[in-house]
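Record features (TrEMBL):
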DOMAIN    15-263  domain 'SMP-30/Gluconolactonase/LRE-like region'
BINDING   Glu17, Asn153, Asp203  divalent metal cation binding site
BINDING   Arg100, Asn102, Glu120  substrate binding site
ACT_SITE  Asp203  active site, proton donor/acceptor
Amino acid sequence: MSSVSIECVAKGCRIGESPVWDEKQGSLLYVDITGRKVCRWNPVTRQTQAIPVDAPVSSVALRQSGDYVITLGTRFAALKWKEELVTTITQVDKDKANTRFNDGKVDPAGRYFAGTMAEEIRPAVLERHQGSLYTLFPDLSVVKHFDQVDISNGLDWSLDHRTFFYIDSLSYSVDAFDYDLQTGKIGNRRSIYKLEKEESIPDGMCIDTEGKLWVACYDGGRVIRLDPETGKRLQTVKLPVDKTTSCCFGGKDYSEMYVTSASDGMDKEWLSRQPQAGGVFKITGLGVKGVPPYPFAG
């Protein structure tokens, strides 16, 4: 095993989330949910550009036609980076006053999956069962898969595209569904891993080229590697901050892992112990590579 090294490459998020590698730009995209900005970090200049938006922005994805799509408040929206222009595609949860989108990701056929949750009273404290899971199709229609979700979170697809993996954080479980790539339909939900107490709350997730899942553990200060076939934890990588939120692979050959984190909900004393809270971390030496992100086809 090569030795694992962890470096904080960007700072200052309240709730950093949804890291995505943008190969064309050679940069890392991510969002700051409560900071209301979409960020792009360049590993060459080591600078971060940020675009402010008018609502909590919870995920960002590449778009086949160029630029990006985001989940903003309860809207799916398009983001033109240079123009700093956001346009609404469609809105969900119109019957609910206090929900917002959370994590989202594009499937191998170019559909944008994203789920909602109630607005938090404080981190991970919220009205239960208010969220739903949605898909934005390339023709810009929206399908709701199910509701009664607490905190819709990490999502990804197996390498053969036959399984959809999903996290509803307060279930403390990583779940799998049968997946139909042709239609985007999901079914046969089952739990493949239950988090242990010290792992705390499962948050964002990504898959590697060996078909193993990596899950960021909010309040657990770590990412864990799971085998979805056996339900066993294979590896734990601890980070210097507690509130690790999500992870993705990136870099030239997708051998670097990027992990976002949050600082919201931490008092002065806690922050003084963890000055890098809210930072983005680059992990090298894991010995595995990731799968490039899929662009939204609409």
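Residue numbering: from 1, along the chain as shown.
Using N, Cα and C of the backbone, Cβ positions are placed for all residues, glycine too.
Whatever TrEMBL says is automated annotation, not expert-curated.
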In the same chain, outside Arg100, Asn102, Glu120, whose C-beta lies within 8 angstroms of the Cβ mean position for the substrate site?
Ile33, Pro56, Ser58, Thr99, Phe101, Thr116, Met117, Ala118, Glu119, Leu126, Ile151
Please report the Cα separation of Asn102 (substrate binding site) and Glu17 (divalent metal cation binding site) in Å, rounded to an integer.
9
Suppose we draw a 10 Å sphere around the Cβ of Glu17 (divalent metal cation binding site). How many other Cβ atoms does it contain, all chains included?
27
Shell list (divalent metal cation; ref centroid = CB of Glu17, Asn153, Asp203; cutoff 8 A):
Ser18, Asn102, Asp103, Ile151, Gly154, Ile167, Ser169, Gly204, Ala216, Tyr218, Thr245, Ser246
Here the binding-site residues are Asn102, Asn153; which one has the lowest number of other Cβ atoms no more than 10 Å from its Cβ?
Asn102
Give the residue from the binding-site residues Glu120, Asp203 that has the most other Cβ atoms within 10 Å of its Cβ, counting over every protein chain displayed.
Asp203
Taking the Cα atoms as reference points, how far is Glu120 (substrate binding site) from Asn153 (divalent metal cation binding site) in Å?
14
